[in-house]
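The structure appears below as structure tokens.
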Amino acid sequence: MSAPQKPHLNIVIIGHVDHGKSTMTGHILYRLGYFDEKTVKMIEEESKKMGKESFKFAWLLDRMKEERERGVTISLSYMKFETKKYFFTIIDAPGHRDFVKNMITGASQADAAILVVSARKGEFEAGMSAEGQTREHAILARTMGINQLIVAINKMDATEPPYSEKRYNEIKEILGKFLKGLGYDVSKIPFIPISAWTGENLIERSPNMPWYNGPTLVEALDTLEVPPKPINKPLRIPIQDVYNISGIGVVPVGRVETGVLKVGDKLVFMPAGLVAEVKTIETHHTKIEKAEPGDNIGFNVKGVEKKDIKRGDVAGSLDVPPTVADEFTARIMVMWHPTAIAVGYTPVIHVHTASVACRITEIIAKIDPRTGKEIEKNPHFLKQGDIAIVKFKPIKPLVVEKYSDFQGLGRFAMRDMGKTIGIGQVLEIKPAQVNIKK
């Protein structure tokens, strides 16, 4: 018998571009022995030659992911490491503006987030500006239901003077206030002063910051908690990709949100209403008999063809099939808009793995963010900062669920003009009639 496995957690690394997310992740993996010396030497020489030595750890990460894009981490990449207590999968969320929707699909799979902020003068402030991704990513993480947060205050070696306790306290106060406003319990959030480049306070404590007596980053990871698995709810698996594998057949890939999937089960793919039987299930190239919430799986199905299912579909139980919305009512927060939003506005809604344009058919009420009470019925328009109850009509078939029933399928982001316009939670659904083709 193999030793019992450590519990598994998915973690997303978020924060403003160039604040050090990839360097921090690469350095942690390097220190935990995940790279062979040959690769390290090669990358060191390469980065020195190009005069970009400070990219060394980030490049190690890129090499590992085989994506040496022009200094920008694009697709979501999955990496694993273990601590004393847990087995982690890191979802390295890209930091550039136009990748927020990757961040949305990535964040919806995470149990916890590390928010990386730069302590360097001007850089922290840029991340907290109206256009800043520190703000945007924190708001998204909160909406996506990530309740556990670790803040890494990076580049402490580059403050004025270096390792400044005053600067650390200033950032902790500004960011703490902001996170509290989002509904986070700030007393539970560690704010860890680090240098991703020198490795200080990643694994061992830094002698340069004797004023700090909290946990190192890796110690803080071990204080995270495994969220309870919603195994008693009906099965829901948002589909990320579908493959046709020779000798096996059709293999949809996705993460189990709720319920349990077993070999031999019959399930239904919505919105198409197609029924299939599960032949095999795999996770990380290992065959398993059943999959539970949090498992990233590929499962071979009989009874459907690759062309019948696509990213954004949801596989679910036949008894309680996933809901296809004719219309849905949601509470939204407008994060950014240059003018105003009125009835008829049609942003793209990103929910679980789907992205579908949805038209606002009614603005029911404006809400006071502090009390949650209604302050205006049927306002003519909404502007940046407003919270409101609105009705949406999807332009094409879309699976959504009430946030109170299935969190991962009931929270969404609204995108337009390459930006995140707002975020929301589904309150009520008027279901569309779908014939299930048994």
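Cβ coordinates are placed from backbone N, Cα and C, and glycine is handled just like the others.
Keep in mind the model is a prediction, meaning the values are calculated, not measured.
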Segment assigned the feature region 'G4' in Swiss-Prot (from 62-65, 122-125, 154-157): 154-157
Range annotated as region 'G2' in Swiss-Prot, from 71-75, 206-210, 246-250: 71-75
Tertiary contacts of the region 'G4' (154-157) (same chain, 6+ residues out, Cβ under 8 Å): 19-20, 24, 116-120, 123, 163-164, 168, 193-198, 200-201, 206, 208-209
Sparsest Cβ surroundings (other CB atoms within 10 Å) among the binding-site residues G15, D18, K21, S22: D18
Inter-residue Cα distance where the pair is S22 (Mg(2+) binding site) and G15 (GTP binding site), in Å: 10
Number of Cβ atoms other than its own within 10 Å, given for M156 (GTP binding site): 29
